[in-house]
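If you check Swiss-Prot, you get these features:
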- 109-324: domain 'ATP-grasp' (DOMAIN)
- Gln282, Glu294: Mg(2+) 1 binding site (BINDING)
- Glu294, Asn296: Mg(2+) 2 binding site (BINDING)
- Glu294, Asn296: Mn(2+) 2 binding site (BINDING)
Amino acid sequence: MKVLLIGGGAREHAIAMALKKNELVELYTLMKNKNPGIYALSEEVSFNSETDVPAIKEFAEKIKPEIAVIGPESPLGVGASDLLEEMGIPTVGPKKLPAQIETSKEFMRNLFKKYEIDGSLKYAAFNDYGTELEGFIDEMTSLGKDVVVKPAGLTGGKGVKVVGEQLKDNEEAKIYAKEVFDKSIGGGKIIIEEKLVGVEFTLHGFVDGENIVFMPAVQDHPHAYNNDEGPITGGMGSYSCPNHGLPFLSEEMLDKAEKIMEKTVNSINLEVGPYKGFLYGQFMLTADGPKIIEYNARFGDPEAMNLLPILKTDFLDVCFAIAEGKLDKINIEFENKATVCKYVVPNGYPIDPVRNKELAVDEKAIEDANAILFYASINEENGKLYITGSRSAAVVGISENIEEAEKIAQKAIENFKGEVYYRSDIGTLDLIKKRVERVKKLAK
């Protein structure tokens, strides 16, 4: 069974591992760098940019896969899924138009408005900097609301800036908005949104164009340093619970979040056609219930590393069910176990990360700790590993409870040597308790 995988990060390493649990799978991967974890699992690798559509076509024509799985968002944005489907290859990953739920923040917000989907917030879109943009921010200030500045296109999760975090106040938000236009960050179009106050969580679904099957809820930790301090990153780690909920998330709130995602899928279908792939909703649990911050048209990273290792159902079967519109024909189950994922990242990340420095990894010690190792932005050359400037590698602990899973992950992450750092508090009971207390305060 030939499977084409596009992507070379930790998320794709998790996808590759999950696929290879089926002994019939022969994996063929197109990726930019030599990720040693994915490389070891692949029959053949094409080293090309994941947005190089001609290279994707050439590799697919050569290997003739029976199914394709697209990991990152960038190939979706250039129509890789459209191309593969046109070639007659069943593909997991939405086509270019449905993928706009991630690639165009304006499309997403307008969809919520048009179809009256719950969980939306006050926003406005702008094509240039001027009095209208300034007036909208001034209006938010008069309402006592801080704002979030979001370049409308893809920025690899690095373009969004929030008042109270990267920005001092709404006046500084205006300065950053002007910079986005001056430098054409994310395509030179902007969404200004009200800043939500609450606790974040993520919810994933397998989507086959009509049906959505939900995965366990996960909490990511975007801040660089312990105690949720420092700049926003792509995610320093995450955890999930044995009951597939989260300690601060009631069943009622989880149900509301699921209904928002269900209506989103139906609305995408009506607007631009069927959505087939993984859908990841980033939510904020506020005093008014769950609000959607943004959607991603793929697995979250790090969340994929929490979810895929505890998937009991054959992942290849799930992928075919997604591509063929048959999710209602299979039973998808996850183990009732806790997971804790911790990332090791280059010193200086995400502002000014060191690059091309050697990273020593004691794989045996990580295995002895009963953790799973996932390689991310790593390049292997002459048997040595080098960090490339983004998140380097992650470890995942799995156990009957959060406390034990965290201990496994923590023991494992101490086995990296190089110019790197990590957060030691992810999955700890102290940090989780703070989340619970914060939600209690919101309810008052």
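Placed from the backbone N, Cα and C atoms, the Cβ positions cover glycine too.
Scoring each of the binding-site residues (Gln282, Asn296) by how many neighbouring Cβ atoms lie within 10 Å, the top position goes to Asn296. For Glu294 (Mg(2+) 1 binding site), the Cβ neighbour count at a 10 Å cut-off comes to 19, with all displayed protein chains included. In the three-state DSSP assignment, the secondary structure recorded for Glu294 (Mg(2+) 1 binding site) is strand. Rounded to a whole number, the C-alpha distance linking Gln282 (Mg(2+) 1 binding site) with Asn296 (Mg(2+) 2 binding site) is 8 angstrom. Computed over the domain 'ATP-grasp' (109-324), the whole-number mean pLDDT of the model equals 94.
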